[in-house]
Amino acid sequence: MNVHGNHGKNRGHESEVRWIISSVIDDLTLSSLNAVNSYLSSVIYVLFIWAECVLYVKKVLVFFASMEWYCYALLGIITALMSFFMDMTVAKLLNAHQWLYRCLKGHHLLQFLCWTLYPACLCALSTSFAHSICPFSAGSGVPEARAILLGMDMPDYLSLSNLFAKLFGLICTLASGSTVFLGKVGPFVHLSVMIEIVYTLVALLIQRAAKGEMLVVASAVGVASCFGAPVSGVLFSIEVMGTHYSVRNYCPCFFAAACGAITFRLLSVCSTDQETIQALFKTSFSSDLPYQPFEIFIFVLLGLFCSILSCIYLFCHRWALRFVKTNKPISRLLATEKSLYSAIVAFLLACFTFYHSAGHFIASELTMKQLLTSLLDDTSWYSVSQNASALPEPQKTFWQAWNPPGKSYFQTLGFFITAKVGLLVVACTLPLPAGYFMPVFVYGAAVGRLVGEGSAYFLSDGISSAKSLINPGGYALAGAAAFSGAVTHTLSPALLALEMTGQCSHAVPALVATLVSNAVARAKHRPSFYDGISLIKKLPHLPSLIRAYCTLKIMFQYSTMMVLLNEMSLSQSDSLRLWLYHVFYFFPCLPDSPILLGTINKSQLREHLHQHRNEVIEVIMC
């Protein structure tokens, strides 16, 4: 009895415990549900308030302008931010390389390894990252963007993965320095286009019909954000990107390019000790008497010289691209081991540009910006060589780079012009994200500097008086515009050179040299640099139109007609058949009245005459 009583008590305690536990669980569940409900209600309330604020802001913004204009401004600002931080990253990587190279001074073997392995590893990393993330990120991207503007559907070239692959790969390429000697203009145009496409797809503010318009605007922003040059950026988008340019794109291009250029310049002021906005490559050309009228003839000769060099460069570039594609060992290496090919080519280029090899003949220790700054110097190197100790330290460093011991600056400039053609052609075969405009711009500046220094040497006392001394920096400015304009078949480099340097005194000589170089480079319908890449990659493009003289000749011959009358005799049909073997392939068909109905093929007419000799035929023949 006691046992059963104990069991009953235990069961009662268990039921009480279960009831307590269930009640606690119910209370916790209710409290948690209440907490979740209150949290969700607060979140929904915050989202509702945020949506109301967004709609209110949108109404306010739309009151002043349509949303497309805010997209244009945002595109320019984002592209300028990306360009600025990319330049900062590349500058830190280049400074680290130069610091390590200087620390190894006196140890030639270690300096050689530092000079060669650093760019080789960066090029291999750029190629590997670009092709592993998106294989379409190699190259400049300008021919592909032009093909997209022509209506070709290439979604892989505008994907988000391509954007990140090209961005990281371009940083590694630029950090390789003057060894590889490549720029960022072309890839940045492509990056700007991809940013606009991604932004358009995410924001859903622009219709699909305006996609082509946004691509043209983005191409202008890409150039403006690289150099802070909005006007030349718009002109570049018209000449290179817009095959059929619409006038309605003119104002949006200028607005977006101006937003990008202003943002880039303001960021440069905030990051340095500059008091105000300055030119990217500051010069101090004299505006009192910048050049003599006689020098216009020298600038014309400079344009001719640049056009000849541009034809040689374009021919070598197209030959190198075809050779890489047709040579079996190289094409097999590019198909399987692109990173290894980039590392080998970068290592060979670094071996050539090593200072104790041939680098001291081409000022290889200077970066691309330092090269252009030294070439645009308005002081004649002939006068500097007479009093080199009076120069400030930065200019003395640049001068010593172009005037190594035992060599003159004429020899270094001549060797730079001769060797850089081959180096640029070889570097263009690298399968990594890179731009090709800035290298040819610097190369043209070296050509102009050589002509200017030669003129200053032979006219050391001035042309008419001692106050009218030759300014070699002006010739370097005109040479840069002329050579890059001849390579790309554009006139925008002339304006770009003026915007980059802030100089208007040499506007006429730069434009004259660019026009002359373009006239010779475009002769016989030679393809430009971007057209050549499009031909090699078999991308659609619109080449120069050739006049159809044969059509004009046929229309002119219509004035002398020979009519085949009804009920022709056998001899007349035989004579017509004889004519059909020697005259044109097509013949106009007319009724009794002189109204053109169409044309008939010669073979069809011959077959018809053979089957129906005596039927009614009325043909007007040339």
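If you go along the chain as it appears here, the first residue is 1 and each next one adds 1.
Using the three backbone atoms N, Cα and C, a Cβ is placed for every residue, glycine included.
Unlike curated records, TrEMBL annotations are generated automatically.
Quick look at what TrEMBL lists:
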TRANSMEM  39-57  transmembrane segment
TRANSMEM  69-86  transmembrane segment
TRANSMEM  163-182  transmembrane segment
TRANSMEM  188-206  transmembrane segment
TRANSMEM  215-238  transmembrane segment
TRANSMEM  296-320  transmembrane segment
TRANSMEM  340-363  transmembrane segment
TRANSMEM  409-432  transmembrane segment
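With pairs at least 6 apart in sequence, the transmembrane segment (163-182) and the transmembrane segment (340-363) have 3 or more Cβ pairs within the 8 Å limit; the two touch. Residues 72, 75-76, 79-80, 82-83, 145, 148-149, 184-185, 188-193, 195-197, 245-246, 249-250, 252-254, 256-261, 263-265, 268, 280, 490-493, 495-496, 499-500 of the same chain, all 6+ positions outside the transmembrane segment (215-238), place their C-beta atoms under 8 angstroms from a C-beta of that stretch.
Beyond its flanks by at least six residues, the transmembrane segment (69-86) meets 61, 167, 170-171, 174, 184, 188, 191-192, 195-196, 199-200, 203, 205-206, 214, 217-218, 221-222, 224-226, 252, 255-264, 267-268, 271 of its own chain at Cβ-Cβ distances under 8 Å.
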